[in-house]
Amino acid sequence: MPLEVAYGRKPVVTRRAADGTSVSSASSPKLVATMLEQLAVQPGQRVLEIGAATGINAALLAELVGPTGTVVTIELDDDLAASATESLEAAGYPQVEVIYGDGALGHPDHAAYDLIIVTDMLTGLSIEPRRVVSLP
Ligand SMILES: C[S@@+](CC[C@H](N)C(=O)[O-])C[C@H]1O[C@@H](n2cnc3c(N)ncnc32)[C@H](O)[C@@H]1O
């Protein structure tokens, strides 16, 4: 993909359903930056992301938590989970744990988390958050 598209102003749709509906995308860089700013990640923290998609946000999270932190990312689509794993390894982030599954259930095996970021619309989250930040 051309870099000007990947780093442009719009989300990049990476997967469509048979009827053409978008089912996965890389969020726009501005949205990603805003979400990460609001999340205020600190080095050493344990972060759970729900919605791995391309894996780019998980890679940014890995940079922010640094070598003493942990990033776990969950993806509902098995093909996308596999490609996120490959991309993260190829980009030098093999430490990011990509889980294929429903993020609404969380991932207790790696709990507890300092922060949880949800990058898609999600209802019925089974985790009880202490503080919720949502974008307008
Ligand atoms: C906007 S994309 C996320 C962008 C992603 N963070 C990135 O860096 O490319 C939303 C993703 O969330 C996934 N998703 C939706 N519901 C989910 C759920 N309940 N559990 C896990 N992943 C989910 C979708 O399959 C889709 O790939």
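For all residues, glycine too, the Cβ spot is worked out from N, Cα and C.
For Glu75, Asp102, the entry in TrEMBL reads S-adenosyl-L-methionine binding site. Residues or ranges marked as domain 'SAM-dependent MTase RsmB/NOP-type' by TrEMBL: 1-136.
Put plainly, the binding-site residues Glu75, Asp102 were compared by Cβ crowding within 10 Å, and the winner is Glu75. Look at Glu75 (S-adenosyl-L-methionine binding site): DSSP puts it in a strand.
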